[in-house]
Structure formats: C-alpha cells, structure tokens
Ligand SMILES: Nc1ccn([C@@H]2O[C@H](COP(=O)(O)OP(=O)(O)OP(=O)(O)O)[C@@H](O)[C@H]2O)c(=O)n1
Ligand SMILES: C[C@](O)(CO)[C@H](O)COP(=O)(O)O
C-alpha cells in the first residue's frame with residue numbers, strides 16, 4: 001500500500017510533493033515503478049487526497065502501471081490514510097510504503113520480506129549517525145539516549161495483514177496515534193524486527209531533500 005494523501009506542508013510547494021517532477025517523472029511514479037517491477041509484489045493500493053484521485057489515476061494509466069488495483073481516498077493523518085487503504089487489502093502480507101520515498105531498492109524489499117515472512121512483522125531502518133538529544137520545551141537538553149541503540153526508521157514496513165488490521169483497529173478504538181505503522185503493532189505487544197535499510201532511502205520531506213534527490217538520481221545514472 002502506498003499512502004500518497006499527504007499535504008506536504010513541510011515541503012511548501014504549490015503542487016503536492018508526490019506530484020513534483022524528478023528526472024522527468026513524478027515522485028509518486030518513481031515509487032510505484034519500484035514495486036511494479038518487483039516480482040514479489042502482486043497488487044498495489046494507492047491512497048490519495050479526494051481532490052487528487054483523478055490526477056493520480058491518470059498518472060498511473062499514463063505510465064502503464066498495471067499492479068495498482070485501486071486508488072482510495074485518504075484521511076487527515078497518515079495513520080487515517082493507511083487505515084482506509086487497509087480496508088481494501090485481502091492478501092496475506094502487506095507492505096506499507098511512503099509515496100515520497102522513491103529510492104527504495106529491490107534488495108532492501110527482499111531483505112524486509114524475508115524477515116517479515118519469518119517473524120510476522122519487520123521494518124527497514126538505519127543506525128543513526130548523529131548524537132540525538134531529547135530536549136524540553138524551553139530548549140534545555142533533558143537526556144542523551146545511547147546512540148548504539150537508535151535506528152532511524154524507514155518504509156516499507158511489512159506485516160501479516162491480519163496483524164496490521166488488528167493493530168489499526170485497536171488504535172482506532174483506543175485513540176492511539178502513531179507516526180509509523182510499526183508503533184501500532186508494537187502497542188499489541190508484538191515483536192517487530194528491524195532490518196538494515198539504506199541511507200539513500202530518504203523521505204522527501206523538506207526542500208533540501210529535493211537537492212539530495214537530484215544528486216541520488218545523478219549518481220545512479222552514472223553507475224547504470
Ligand atoms: N494524511 C496523510 C498524510 C501523509 N500521507 C502520506 O504519508 C507519507 C509520509 O508522510 P509525509 O512525508 O509526512 O507527508 P506529508 O504529510 O504530505 O507532509 P507534511 O507533514 O509536511 O504535510 C507520504 O507519502 C504522504 O503522502 C498520507 O497518505 N495521508
Ligand atoms: C513512516 C515514516 O516514514 C517512518 O520514518 C515516518 O514516520 C512518516 O512520518 P511523517 O510524520 O508522515 O513524516
């Protein structure tokens with residue numbers, strides 16, 4: 001499932017960031033093509049804002065993406081959008097992947113799937129390189145967590161569908177809010193495995209990320 005219903009407030013562009021062009025293709029299309037060409041992916045559901053449903057469907061058609069079986073309307077938060085998308089999924093396994101992480105590779109997806117199939121729930125992440133501080137509202141450092149145990153979490157995140165549905169249903173009933181899918185599964189008391197991701201699997205969130213994105217595209221062109 002590809003949640004693509006965000007507003008992109010931090011990017012600050014007129015157009016929703018998932019439609020911004022990167023190397024002559026919309027970011028959303030770059031992302032969809034990774035899964036379209038991955039042999040283990042059978043079907044995709046894309047979640048879009050109500051007002052962007054038609055534009056999303058048109059792009060999917062224009063770029064010949066065949067695995068998208070439905071484009072559904074999302075909600076206010078990412079969590080609401082994923083919950084909407086989940087209602088249409090019947091398969092045994094679900095991967096949830098941000099529309100704005102176009103650089104995920106087949107190799108990372110393979111590693112993730114292998115771990116999820118063994119353990120039921122797995123996420124991609126990379127060890128953090130910076131020292132991280134927890135800071136209070138007055139800007140004073142409260143504590144410095146041990147860096148060896150900190151990982152920056154990415155998508156895709158992979159789960160048995162039943163498990164993810166249970167996690168989202170519980171969150172809905174109990175008003176639990178989360179910034180990724182794993183947090184809701186963790187709330188069920190289930191172990192989620194961390195699988196080595198890739199530092200280049202960035203989320204295009206703020207304008208500087210577009211500079212990095214262009215550089216990643218250029219580097220990939222040179223190694224092709
Ligand atoms: N209500 C929402 C919010 C986010 N997303 C999707 O979740 C992914 C990660 O979200 P993020 O990068 O934070 O996107 P936005 O919510 O669009 O950004 P911002 O918070 O800056 O508005 C994106 O593919 C985004 O489209 C979604 O489907 N529905
Ligand atoms: C799911 C996610 O991409 C993992 O890093 C991230 O938490 C999404 O957060 P956002 O608040 O939607 O940017």
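The backbone N, Cα and C atoms fix where each Cβ goes, glycine too.
Curation plays no part in TrEMBL annotations; they are all automatic predictions.
Per TrEMBL, site 'Transition state stabilizer' is recorded for 10, 17. Residues annotated as site 'Positions MEP for the nucleophilic attack' in TrEMBL: 147, 203.
For ligand 2, there are no nearby recorded sites; that is, of 10, 17, 147, none has a C-beta under 6 Å from one of its atoms. Put simply, 203 is the one of the recorded sites 10, 17, 203 whose Cα lies nearest to the Cα of residue 147 (site 'Positions MEP for the nucleophilic attack').
Note: the Cα of residue 203 (site 'Positions MEP for the nucleophilic attack') and the Cα of residue 10 (site 'Transition state stabilizer') are spaced 12 Å from each other. According to DSSP, residue 17 (site 'Transition state stabilizer') is assigned to a helical segment. For ligand 1, the neighbouring recorded sites among 10, 147, 203 are 10, 203, by Cβ distance under 6 Å. Cα-Cα distance from residue 17 (site 'Transition state stabilizer') to residue 10 (site 'Transition state stabilizer'): 10 Å (rounded to the nearest whole number). The sparsest Cβ neighbourhood within 10 Å, among the listed recorded sites (17, 203), is found at 203. According to its DSSP assignment, residue 147 (site 'Positions MEP for the nucleophilic attack') is helical.
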